[in-house]
Each structure stands twice: as structure tokens, then as C-alpha cells.
There are 4 protein chains.
Amino acid sequence: MALIVEKTTTGREYKVKDMHQADFGRLELELAEVEMPGLMSCRVEFGPSQPFKGARITGSLHMTIQTAVLIETLTALGAEVRWCSCNIFSTQDHAAAAIARDSAAVFAWKGETLQEYWWCTERALDWGPGGGPDLIIDDGGDATLLIHEGVKAEEDFEKSGKVPDPSSTDNAEFQIVLSIIRDGLKTDPKRYHKMKQRLVGVSEETTTGVKRLYQMQANGTLLFPAINVNDSVTKSKFDNLYGCRHSLPDGLMRATDVMIAGKVAVVCGYGDVGKGCAAAMKQAGARVIVTEIDPICALQALMEGLQVLTLEDVVSEADIFVTTTGNKDIIMVHHMRKMKNNAIVCNIGHFDNEIDMHGLETYPGVKRITIKPQTDRWVFPDTKSGIIILAEGRLMNLGCATGHPSFVMSCSFTNQVIAQLELWKEKSTGKYEKKVYVLPKHLDEKVAALHLGKLGAKLTILTKDQADYIRIPVEGPYKPAHYRY
Amino acid sequence: MALIVEKTTTGREYKVKDMHQADFGRLELELAEVEMPGLMSCRVEFGPSQPFKGARITGSLHMTIQTAVLIETLTALGAEVRWCSCNIFSTQDHAAAAIARDSAAVFAWKGETLQEYWWCTERALDWGPGGGPDLIIDDGGDATLLIHEGVKAEEDFEKSGKVPDPSSTDNAEFQIVLSIIRDGLKTDPKRYHKMKQRLVGVSEETTTGVKRLYQMQANGTLLFPAINVNDSVTKSKFDNLYGCRHSLPDGLMRATDVMIAGKVAVVCGYGDVGKGCAAAMKQAGARVIVTEIDPICALQALMEGLQVLTLEDVVSEADIFVTTTGNKDIIMVHHMRKMKNNAIVCNIGHFDNEIDMHGLETYPGVKRITIKPQTDRWVFPDTKSGIIILAEGRLMNLGCATGHPSFVMSCSFTNQVIAQLELWKEKSTGKYEKKVYVLPKHLDEKVAALHLGKLGAKLTILTKDQADYIRIPVEGPYKPAHYRY
Amino acid sequence: MALIVEKTTTGREYKVKDMHQADFGRLELELAEVEMPGLMSCRVEFGPSQPFKGARITGSLHMTIQTAVLIETLTALGAEVRWCSCNIFSTQDHAAAAIARDSAAVFAWKGETLQEYWWCTERALDWGPGGGPDLIIDDGGDATLLIHEGVKAEEDFEKSGKVPDPSSTDNAEFQIVLSIIRDGLKTDPKRYHKMKQRLVGVSEETTTGVKRLYQMQANGTLLFPAINVNDSVTKSKFDNLYGCRHSLPDGLMRATDVMIAGKVAVVCGYGDVGKGCAAAMKQAGARVIVTEIDPICALQALMEGLQVLTLEDVVSEADIFVTTTGNKDIIMVHHMRKMKNNAIVCNIGHFDNEIDMHGLETYPGVKRITIKPQTDRWVFPDTKSGIIILAEGRLMNLGCATGHPSFVMSCSFTNQVIAQLELWKEKSTGKYEKKVYVLPKHLDEKVAALHLGKLGAKLTILTKDQADYIRIPVEGPYKPAHYRY
Amino acid sequence: MALIVEKTTTGREYKVKDMHQADFGRLELELAEVEMPGLMSCRVEFGPSQPFKGARITGSLHMTIQTAVLIETLTALGAEVRWCSCNIFSTQDHAAAAIARDSAAVFAWKGETLQEYWWCTERALDWGPGGGPDLIIDDGGDATLLIHEGVKAEEDFEKSGKVPDPSSTDNAEFQIVLSIIRDGLKTDPKRYHKMKQRLVGVSEETTTGVKRLYQMQANGTLLFPAINVNDSVTKSKFDNLYGCRHSLPDGLMRATDVMIAGKVAVVCGYGDVGKGCAAAMKQAGARVIVTEIDPICALQALMEGLQVLTLEDVVSEADIFVTTTGNKDIIMVHHMRKMKNNAIVCNIGHFDNEIDMHGLETYPGVKRITIKPQTDRWVFPDTKSGIIILAEGRLMNLGCATGHPSFVMSCSFTNQVIAQLELWKEKSTGKYEKKVYVLPKHLDEKVAALHLGKLGAKLTILTKDQADYIRIPVEGPYKPAHYRY
């Protein structure tokens, strides 16, 4: 696509695949609203007081129907919003169109190149000459990364006149990041400093991004306050677990129509995502084998009747391989060569480097046959045996299906709204330093409570006497901070 | 679509949606072959001897990728094939295109009108002046029905000169059937008699069709031998059960992206299909309520921890309703009016009359909003509350997803191949009378055996001594006829 | 125990372990009555008309609490009853005591020798000089066998004066049977003929006994009508499946307290019993491996995510071995030698010859350490490794726990009552020949219906129109005979 | 029992039910050792260096077979041990006998009165004139409580000469505690001060005890360092969850033989224990309803397909009620009156006050019928309807069955050994203050690792490169402190 920003009749910027899909997006958005009681409750509770009046929010988070409901919750609370996706395949084009037409500046489409991806990220951060956003909602930390790298480069440039050199790295994606910053330096050598200055804080959605934040905190390089939304119980124990339990089989079915029952599925990693994936595969009738580095998680897998082995032990007899680790180099090309014909290999962890896509692409004589978008068969020249790679090694639930369903994303995104409200409310109080915070437990419990009615649940209320007996307030929080759920 | 037969360069007739999808169909066909070991074994075992040499086979069965592998197995064994779908929504257009281009005469596309549907059925049965097919593969019995109704009409016409009167019925679909027969009488008053005369027999795929056959047998009106493939164990206890366990959630997810976990799902009927559906919903984290008329099936549901109630008891508190009964009038419009906003209503039984679509369509003031093809929101004027109807009340797994997966269909379709081989081999021996037969148990066991290797299973072999002890042959069959599995 | 018949104050014969346990037995009996709605309904429906007035019923069936409720249902309907157990370990002594004191002649205790076992069987069949029982309730067919062998021996004796020679067989148990018959011949050479003459029929409880009956029918040697209760759906698909799903883990826990989660369990056989066992182990968190001879059952196991291998493949890595086959020589001593230290080996099929107890007992240098009754550790001299054998290879759920729970036995036993009523009602009509019959489907459905209310279920009622549509009566039966559930 | 201390031939004190059961206990102990790889590894790793040389350890923890293996691990590492149970019903008398005879001073039997219970606790703490133990292993905190109350009373007595007045409380159990302390004051007014002085620390096993410790820490009244073993992941997420998943059905079956399938089970509380219980009931085929005060746990229950309601909503339709809350007054007598006849009511939380036993016992006209020890039917006078109470409202898995199985207790108890080693090693370093500590994560991971081999698991090893990428050491710990597993 030509990277030219378009404008709506009202003058709002956007770049999406096809504006004609806006009506379809709107219909699905309306369905999703019914499934997202947490977000809709926020609109009812906070909408009237317009707490985000004057706030500019930039989001870098999968531009799906669910995210669309989040964006319109933010705007319903008074915010101005610019958005990009945090994954080249995760955008739902009808969702992007509906939001671009009706509510916010969107720069996202399904199937971006890496170049396009970072252009979109830059657009979402670019609020014009007055600096960047007040608040960021980040997923994986790419928006945060760009600002941090930008600030660093500007400092170097100021000190030494040096500009970033893309050829200094052989990571193709980081080369693009450096190019963008380098080019930016030419037009405005204080661009990222201005952003940093304006920024009140970021709320981060996912494990990978959170890890980056804690590292920066540890290194003392974090430039603004951050709220770790990922580790809200109602996020990590819900969306990571129940979301993946839903969307892994969904992605497998849409991409390959494969029968899961009777198959051998290898789940690499048994964290929250891995637990959801293993449960899904087991329930669908697969025999599940888990690989783990952590003996505690391994023992949990065993207690559920799963086998725990190494990838080497099972590589040639399994049918489905799923990486969920958040680490890299999990399934290498030498593993893939030993797999059964048409073994399915996919990633639902975070980055595409869980699978050795580079090794596969550069394997001598390998042949790629695209069955349909995001479903490729790669054939090895020697064995004539093929493997099926989903979503080019990127998040298969977003690449091959529609990601997590609305209800569980309502939990995650209600945490986001609350985190953003908190950052914005405390913007001048100094409550939040340049550190990483988690939301207090009573807010976590509130998020859960907002989702019970939709499912017909009724809570038991403690008597005062009972509450005193276990020394907690009647209205909660009900658990100590270290409680694991 | 204009109902004009097209021809391939080799002169084979067809009518499909888009011939450009043939390459895509071929790629998916090749993937499916790896998942259909039963059919591929038939090619290896029987292909060299070309047992179907000279046989004309007409199929009326969902024109999917899996069916494509079946068709090419039939042609690999020497048959000539003409095909139509047995459901207006179940065709996969790329599968139809690949077969039409490469292997057989196909008349099928996704989203036929009823008029188009019966035109396709007629085309599939029309082998030219020399009469109809030698063999029929039927699903639901529509091809069989057309011949029986045609023969009856021709007899009436011969006796009394009367032609069928479409206005004699208010069943819209049957009106079309009568029109077709009436029009046929004009050009050839012996058309269906010639078909009957040539026909060696039919093998029927599904419960509904089998019921019709047994009725005709009971009434003495069955015109040719029939093999009941549905009641092979490797069909009814596999495709009905495990197939639906797979394809119900698949259809729900593709059509609505709804989170199943936490929801209340009502499964109407707890036969093989209902068992698969209830298992799928339970495993996905729904709370499942079953409705049943049969106390034995009801008690089975209870033993699995499911609640058994009537539809009236739960209609206003459930989120997902699935009919699996094979009966009619299960969910009526008066039920739908009481449902929660955006309750999902769908059918995976057989015909669309399980759901009162007529009542819904004619409900005063009701408004239909098509979210996307096969997903409609119907809004009642008084409550402003909407319900989501999938696939217009027709089979949702075929209408909204891609039907059962290849592996389980390989079981069903290997039964079909074996049944067809049996009918053809015995065509002149008189072994099969105008009755309904099931396949002998050793063939049923053979079908299962052909599918074990793919899943890495190893069978235990009886010693002679053990076989004698339980008085069965070492090589099976292993169970008495009444065994229930 | 000294084999001397005792008498109650009212003159009824009995031989039980400890009459002081009668009160305890009565208390548990009263609890069980609440869990056995089918039997209690029979009392209400048939009690007033005393249909068994004048009937003598002999039972050879595990003398448990549940059986006690069956016996008192028979007596409540007017029968006189004599009872023995059909397994040396299955008697619950408090149940036996309560029945002996209050209701019927009982000859049974937990831990009989084989000699004692057959003495009890003989006592139960001995109704005095006027011949034997009118009706038999049999489980495994031992009472039926004794009569058939007795009649045969009497015929031989009459013809040739020859008496049975126990030394003609090396089956220790059959030696005892022959001794008993031989000794009987001395006192009354027409003893078994008289029994045969009086006998109206037998209803048989279980797979093994049913197999024997069909063989005798095939051979033309069956001496009286038999009703196959085992193949009522509400028996074989309930007690075999759900009963074992409950009582396998119960037996394992009571015998060994072993943690099932995390273990590898091998289930030999995947029929109804095997399906229940595999489900129980899987649900408790074990990894389950199935061995099978039948490809259909094997494929069913695979569809549930179970691994299907041979015993040889897994013998040295599994923790728990369960035989469920009804065949013999499943786990041999050479297998046991290769097992892990303290592997648990048990049988829930039928006879103790599923496990090679003879081979184990005679293995040179093997050492038996009795942990507690029915739990033995056998140590091999060479490896010093031990295995745990439950219930000496006999039914472990009855030997180590209390067998199937009341509710599911209520289904089975209501079938028994109905079968006995049917035989007795038709005793002089000639309806039943010397063949094996199953109960008609409407009675099977009735049994199920009697158990729904207790579980809070509500059935849906067909409209006349719906019933006509699927061509069944509104009131059932709802399924064709071949339906598999 | 007469409360007189007995002595072994070697002069070690004890008081157990029956010393003749020692051999049986030893046999089961040997079986358990094979199932407790963590403890056995400790013996191998630490035994040679005798780290507990000179240490006196008092334990107050269910005197079961598993605890016996713990005790003998402590003695194998050089400790002297005195032991009592922490529950009047939880002792396994054969385990107590084996340990009393062979290894340590035991004061415990199944079915103690409260008076006896506290006498045993006092005995276990009494190491003679030189003061008490060096270390305590506590479960529920009773040993810790006695010392704290004792010290407080001695201080009061020293200040004011006042002795504790049992009549000052109407809690029957606390009256006994006060009596014991009062009587102790007469013989030695510094008894508990001496204990306190000697004590290096306590390691606490369970949630309830841990709560008490954190309260004392918060109040500043904690007298010595404490290690919270309960919140090791390998304890709370294993024994609480998987242990109860195993032992709840075990207790139900042994106590009542009730069929769980088809029943409605209400689980009060959905913490770790409740999660295990709900899973067990669901897997056994019950329909499960959860009651919860915490919206997060409630939402977790919903995601598993469980219904969340209040006790009032379901009290009259459920069959089985299980309390798991750790709170009091969960099921009151007014609830019990509304239950179905023979509803089962039991507690697996901590104290018997989860169930209103006092209200039940004092209900006018109520009648208690003891079916067998720990299984009572209580009949209400007005309705004639009875309910079944297990273990008099105390922990039903220990009262009616044998508690958690060895394997999972090996995890818990290996944490105990490691905690004790840590306290003892650091006894003079000042590392541990009068606070509550949890074990460091690498020890938690070590405990898990010790249990993998037994289950045939193989861990994946991180490469250095991968470890660096996610910024953890190759050898762990693998997760941040807040990780929830």
C-alpha cells in the first residue's frame, strides 16, 4: 500500500484497507458490546463526567473488533485517540474501518509489511507539532520502545552528531526502527524528547512488554510511569489462559480444518498461555505433550495427565506444535525437518522468533506453497515432506482467526481503561514515579465483578462477623497480594 | 445464477461458482488426502483392478473438500461421477471447482436457492438418454426421493394422464420438486422409470435419509436396494459424534466469535450428534443443559453432569441454543421471543425445520440484519431484543464453517466406498433385494483399522487360545451384532 | 469357617460372617434405598399385588448393600429368596447379616475359599426335597453352570454309572464343581433334574454369563429360558460404564492410597468397562494408555486423546494396570517381572484369569507380603522389585471397595426385577423358549425413566405431530432396536 | 483412653491406640516411601551430614503414613522428634504405632476428645525440664498458639498473679487451652517462657495457621521466626488443589458409597481447595455449583462451566455440600433443615466451624444416628428428613479417608524439611527475625524438580542465549516472585 495518510470528511486521519467495510465492522462492534460488560459499565459509570477530556491517547494494540469497543470506550470518556496494531497480521479490517470512519485515527491493516508496521506506529504517535500523546496503551511495548530508542538517539545526536546506523544490526526489524528514527532526526531532532515530556504514562498489555518495562526499570532507563496491566489477575489469568483456550483451536480450524481429536499436540511452555492451549487440545481429544524449563510448571502439567518431554523426544511423532513461551528459538529448522509430513507448526506466544522462520526461509531448496493467506506449506527438498506454518510464525490466533473473544477481552480492556484513568487522574500528583506498577487488588476485583452479571452469577456476601473472623473488609479486597488464584 | 450447464475443455459438464478457485481447491484437497487414510488405502487396494469400470455414480452429498477426496477415490477406482450438494449452504466452492475441472461433473455452489438446489440435483441424476446412474450416494435422501416421486408421478400420468400439481402442497420445497417432475413428464414420460431400471442401488449417509428408507421398506415402496451407511459404527459413532464435537464450536466461532466459556448452552437432543455437541460445549467451558424426550439418553446426559430440563425452563436464561434432534418444531418463534438479547440459535441436526424459521420470518415487524453471510440478527419489534440465527436454520457447521474435518469423514466415506463396491459387485447376483442393509461388522472393523496407523496406534493381537476362550475368530469380527460401543 | 448352616429364630437358614453387623447393615440399607429409586418404585407399583407370591428365587450375585435392596424388593413383591455371592471377595458382611436376619436365606461372606464359595452356591440352590428354585438371578453364570453340569453328570450316571472325576481337569475350581456334583449324586441322583424341571428361567446380570448362555443356546444345551439383563441399555451402558468409572478409583484409593494424578495407567480393553475405567483415570489426572484387539474400540480410545499401544510397549513405564477384557491371560507373569517397583496390577473385568495369578504364585522365589487384606506386594527374587496385586486378581472394585454405587445398581437391578416378573408371569404361556432374550425397549426406557426424578431431570414430551413426523409413538419406544446410545 | 504416657523398651515416650498395628504401619510406610521422592532425596542428599544433629523438633500435624515418612526423614537427618496430630480424627493408628515403636515420640490416635487432643499437644511440646523444642512443624498453628497463650498467661501471672479463667470464654476448645495453661502455671510458671527462649522457629503448613501468623506479625506479638510453607507454590498449588481433588471423592466414597455422577454438588469457596473439590466433583459426573464471596474466584469458576450462586438459592436441590472456605458459619442449621433427605454435608476447609455443628447438635428434637464412625445421619423432628454429616464437621478427607496421597504430600513435606533446615542452619545468624517468611523460589523449584523423575518427565534446558534473552539464569529461578502459576 502507498503509505499516504487519508482523511475522513471530518478531517480525521487514517490509513486502513477498505473503508467500505465500516458498516460490517459497526455491526460486529454492536454484537461485541453486548459481550463486553466491563467496558460498557465504564461508559455508564464514567461517561457523564468525561474524565479523559483533553487527553490524547495513542494505542499500539491489535486493531480488532474488541479493541474497537475499547477505543470507543476511551472516546466515550472524552479522550482523543490514535491507534495502530501491534502485529502485522492481527488487524480486522472491518473493525479498523468502522473506527476510522466513526471514532478515532487508525493506521492498521491485516498483512502489513514490517516497513508499513513501523510507519503505522509512528503515525499513531504523531499528534502534530505539540508533541505526542498524553497516554499510551501498549501491547508488547513497541510504541514504548520507539520513544525510548528515539530519545536515546536524540541524546547521542545532540552529544556527538551521530545518527543511528541501521547497518549496525542484522535484525531486520530493528534496522527499520533505526531508519525511522534516523529520518526523524532530520526533520525534528527533539521529536521524541517532546513526546517524553508530554507523556503521563503507559499501560502495558502483555507479558513481553512487561518484561521490557521491568528491565528498563531495573536499568534506570524507564522514561515515564508504567502500569503493568498484564499482571492483573483478571488479565493474565483470564485472557492469557481462557482466551488462548478459545482461540488456539479456532485458529487451527480456520487455517487448516484439521481434526484435533486423535492427534498428538506438543505445547511448548506451560505458563498461562500454555495452560490454556494444552487444555484446549486435551479437551478437543488430542494427546498433549508439554515441553517446559520450569520444574513447577512441569509438575503442574503432569498433575493434569499431560506428558512432559523435550521437543527432541517427540518431534517426529507429533502432529501439531504450538509455541507459547515468550522466548526465542523454540522450534528450529532442524526440528522441522524431522517432523511428519504436514505437521502443523504455530506460535501463540508473542514474537515470531519462537519459531525459526529465518532458518526455514533460508533452508536450501525449501519450497513455500501458500495454501491461503497465513497458511503455508513448506516442503523440504530432500524428504519431499511438508510442514504447515501458520501466520508466518506470528500469533496464529490473530493471524488465522480473530483473536480472543470479546468477553475475556472485556476483562483485559477494563483493566486498561482503569489504568489509563488512574494515570490520568494522578498526572500531576506525583503518585506514580518512573516505575512499573500493578493495579490495586480492589480494582482487579472490581473488573471481575463487572463481568459476573452477564453470566448469571450471584456472589455471596460476607457477614461482618465472618469478615472479622478472617480479618478482611466485607467489601474486599478478599485476598492478600501474594495470592495466586 | 443463470442455470446454464457449462463444459470443461474436455467436454465434461459442470456448474460451479468460480472455476478460478480450482487451484486453491486442489491444494486443500492434497492436504485432506493426508488426513483421509481410509480413502487413500482404498485407492491403493482397489485402484489397480478398476472395480468401478463402467459404473456411473451420482452423488448428492455436501460438496466439500472431503467429498472431493471421496469423488476422486471413486474415479480412481474406475467410476464416472456426477455430483450435487445436499444442502444449499454446504458447498465449498473451491472444492467444487477443483473437482469440476479435474475429475467429475459437479453442480453445486454455496448459497443456492431452493430452485437452484433441485436443478442441481436433477443435473446430477441426468446421465443422458440412456437412463440415470448405476449407483447413488445419497445424504438425506433427496436424490432417492426425486426418483421415487418421479416414478410415482409417471405411473399416475400413465394411468390417468394427471400431472403433479405443485399447488397441492404448501411446502415450498416440495412444490419445486413437483414442478420439476411435472416439467420432466413433458419431455420424457419414462425418465424416472429408466433411472429406476438402471439403478443397482443407493448407499445412504445420514440418519434422516435412513429413516426415509426404512419407511419405504416398511411400506413396500422402495424401488432398489439400499445400504445404510449411517449405522456403521465407524459412521454414526464417529462422524455424528466426533465430527459434531469438532464442527459445532468451529461454526459458532467463525459465525459469531462468541466466547463459549461461561455461557449457558442448551443442546436439544442427546443422540450421537447431541452427545458430540454437549461434549464440545462442556469442554469449552459452557454450562450445558440438555433437552430430551428419551429417558435413556436423558439419564446418560445426567451421568455426564449435564442438567436435563425442558426448553421452556431455560429459554430466557441461556446464551446458545443448538438443535440436534432430526425432528421438527424444536425451537419455535414464541421461544425465540423470550430469549436474551443476542442469544445464538442454530441447528446441526438435519433439516432447517428444527427451528421455526417460517414463524420467525413471518413474525409481524421482525427485522433481519445480516451481519455477514449465514449470520443474521433478527430483532423483535416489541422488545428490541435480537437473536442471532446461524445459516438460516440449516446445518450451521456446514453453513458457517467447513463441516466435519477430513479424518472423521474418511471413516464415513470409506464406508461409502465399500458400500458402493459391494452393491456394484453384487449387481447381478440378487444378493441385495429392495431392502435396507447395513455393512457386515468385519467391514466396519476394517474401516476403523485403516485409520489407526495415522494416529500411531498399535493393536493387540489375540492368541488362538484367547480367541477360542471368548469364541471369536482371531481376525474378528470381535463383537456381536447388538454390541453398542 | 465350619460349613454348618445356621438358623434364625424364625427358622430361616443362613451362613454369614457376623450376625452382629446386621444393625449396621440395616442402616446402610436404609441409606441405599434413598439412592435406588427404580427398586423403590417397583415396591410401590407391584408390592400391593404380590406378583411373586409362591415364587422361590435363588440369587448368585455379589452380596452387597445394593443387592440387599434388590432382595428386599423381591420379598416385598412376595418372593421367597435364597442367596449367595458370585465372587469370593465381594460380600459386604453387614449387608449379608441384615438380610439373613430380616429377609432371606443368605450364604456369603467376604473372603470365602473356593471350596466355601461352591458350598454357598449349592446351599442357595437347595430349597429342600421339592426341587430347586423357580427363578434364578445369576451373575457370571455359576448357578446356571452348576445346574447344567449337574444335569449332564446325572445323565451320564444314569446311562453309564460313571461319576464325575475331579482329577480329569487341572482347573482347581472346576475340580471343586465336579466334587460337589459327584457327592450329590450319592444322595440324590436326580437332584439337578428336579431343579431343571421346576425352573422357569434365569436372568443373567453380566457379560461373561451372557456369553456362556449364548454359547449354550448355540449348542442347543440351554435347559431353560434366559433373559439377558446385561444388554439392557440401562445395564451395560450404565453399570458397566458409570459404575466402573466410580468404583475403579474407589478401589485403588482404598487399597493403596496411591495418587492417581501424574501416573501412567494402562487399561487393557476399551469396552464399556474399559471406557469407564479409562475415563476415571483420565479425569483423576493420570495419563492413560489403552490396549485393544478391536480396531473400532481402539479408534474410539484415540478420539478421546488416549494412546493405544500393546502391553509390551508400555509394561516397564506404567504405574497402574487394569484389566477389563473378559478374556484371559492378559497380564502374564513375564509382564509383571518387567514392571516398575510397586506397579499396581488389578482386574475389574470378570474372572481372575485376566491376570496370570497362577504364574505369579508359582514363580520361583517370589515372595508375597500382605499389606492388608486384598492388597499384596509380590517381590521378585532377582530384581527385588515388587508389584502390588489387588484382590488376588479378582474384581478389585468389589474386593477392595464396595462395588458399584447404589444409584447405578438401581438401574441394573430394576432390570432384574422386571426380567424376573416377566419370566414368572409368562411361566405357563410358552412365551419364552429355551433361548436367550433381551428385555423390550419400552421396559429399558421405563427403567431409565424411574431414575430421572431423583436427579431433578425433566423430560420433554413429544407432540403428536412431532411423533408422527419421526414415526414413533408419543410414549416411546423412542429408538430402533439397533440404536447404540 | 487413660491419659498415661507409655514407654518403648528403649525408653521413648508415646501414647497411641494400638502398638500391634506397628507392622502394618511399617508396610504402608515402605509403600509410601516409593511415592515420596522429595523426602527420600532429602535423606540421600542431607543424611550423611546429619544437619539436625542435636535438634529437637516438635510436630503438630496429622499423624498419617505420609507424616511418618516426614518424621523419619527428620530423624534420618539427625533430629530428635516428638509428635502429635493437629486434628482429632486425622491420625492413622498404624502409622502412629510404627513411628512410636521405631522412630519418635508420638501422642496421637484417631478419635481423640478435645481434652485428649490438647493433652497430646502438650506432651509433644514437653521435652522435659530443659525447655521445649528447638523447632516446630505446625499445621493450623495449635502448637504455636499454645506457646503464645502460655507466654501471655505467664506474663499476666507474673504481673498480677492472675491465672487464666476457662469460664471467661464460651468456646469449649479454648476453655481447655486455658485450663491446661492454668494447670501448667502451678507446676512451672516459666514453662512457656523457657520454650519461647529455646525456640529457633516454626514452619507452618496451612492457610489457617499462616493467617494466624501474619496477624501476630501485624500485631507485633509473634515470638519467634516463622516460615510460611503453605505459600510455597509446590504446597498451596499442589497439596491444596491436587490433594483435595483426590481426597474429597475418596472421603465421600468411603463414608457413604454415594454415586457422585448425576448429583448436584455445592462447593462453598473456590480457592485452591475449592478448585480441587469442584474439579473432582465435575470429573466424577456431578453438576457443580460454587458459592463465592470473591468476584475473581467466582469468574474463574464460571470460566470452567460451573454455576455460581448463593447457598440459599440451591440449598433445597443439591445432594452434596462441601465447605472449603477457611471461614466460619458457612452452612448453618437453618440451611440443613431445608436440604433434601440424606443430603451429604462435609467440610474440607479447615476448622469444623465452617458447618454449624453447634446449631445442629442443639436443634430441638434432632436425632443423631451413627451409621459408622465419622458418618452420622441427623434427623430433624419435624420433617423426618435426615442429612449425613461427615467427620462431625471436621476435615472429611482425613476423618473419613486417609487424607492426601503420598506423592502430593511429598511436595508439601519436602518444603517442610527445607524450611526446617533453613531455620536450623540460620539459628544464630540473625537472618530470620520474628517475622513470617516464605521460601525462596529456587527452593520451591527444587522441590518440584525432585518429583519429576518419578513421573517420567524430562525438562527442557535453556541455552545461555535463550536465558539471556528472557533475562533469567539458565538454572532458574524461572519466574518473578509475583508469578501466579
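Glycine is treated like the rest: Cβ placed from N, Cα and C.
Note: TrEMBL annotation is automatic and uncurated.
Of the listed candidates (D:Asp134, D:Asp139, D:Asp313, D:Asp319), TrEMBL assigns D:Asp139 to the same substrate site as D:Thr64, D:Glu205, D:Lys235, D:Asp239. If you take the C-beta of D:Lys235 (substrate binding site) and look for same-chain residues 6 or more apart in sequence within under 8 angstroms, you find D:Glu205, D:Val229, D:Cys411, D:Ser412, D:Asn415. On its own chain, D:Thr206 (NAD(+) binding site) has D:Asp139, D:Gly140, D:Asn230, D:His350 as residues at least 6 apart in sequence with a Cβ closer than 8 Å to its own Cβ.
Taking only the Cα positions, the spacing between D:Asp239 (substrate binding site) and D:His404 (NAD(+) binding site) is 7 angstrom.
The Cβ of D:Asp272 (NAD(+) binding site) lies under 8 Å from the Cβ of D:Ser236, D:Lys237, D:Asn240, D:Leu241, D:Cys244, each on the same chain and at least six residues away in sequence. For D:Glu205 (substrate binding site), the count of additional Cβ atoms within 10 Å of its Cβ stands at 28 [all protein chains shown]. Across the structure, D:Ile348 (NAD(+) binding site) and D:Thr64 (substrate binding site) place their CA atoms 17 angstrom apart. Checked against D:Thr64 (substrate binding site) by C-alpha proximity, the binding-site residues D:Thr208, D:Gly274, D:Gly276, D:His404 yield D:His404 as the nearest. Residue annotation for substrate gives D:Thr64, D:Asp139, D:Glu205, D:Lys235, D:Asp239. The furthest Cα pair among them is separated by 17 Å.
Model confidence over the domain 'S-adenosyl-L-homocysteine hydrolase NAD binding' (D:240-403) stands at 97, taken as the mean pLDDT rounded to a whole number. Each of the binding-site residues D:His350, D:His404 was scored by the other Cβ atoms within 10 Å of its Cβ; the lowest score goes to D:His350. Under 8 Å, Cβ to Cβ, and six or more positions away along its own chain, D:Thr208 (NAD(+) binding site) finds D:Gly140, D:Gly141, D:Gly326, D:His350, D:Phe351. Here the Cβ of D:Ile348 (NAD(+) binding site) has 28 other Cβ atoms within 10 Å, regardless of which shown protein chain they belong to. DSSP assigns D:Ile348 (NAD(+) binding site) to coil, not to a helix or a strand.
Every protein chain considered, the tally of other Cβ atoms within 10 Å of the Cβ of D:Gly276 (NAD(+) binding site) stands at 26. For D:Thr64 (substrate binding site), the Cβ neighbour count at a 10 Å cut-off comes to 26, with all displayed protein chains included. Neighbour density for D:Gly274 (NAD(+) binding site): within 10 A of its CB lie 28 other CB atoms from the protein chains shown.
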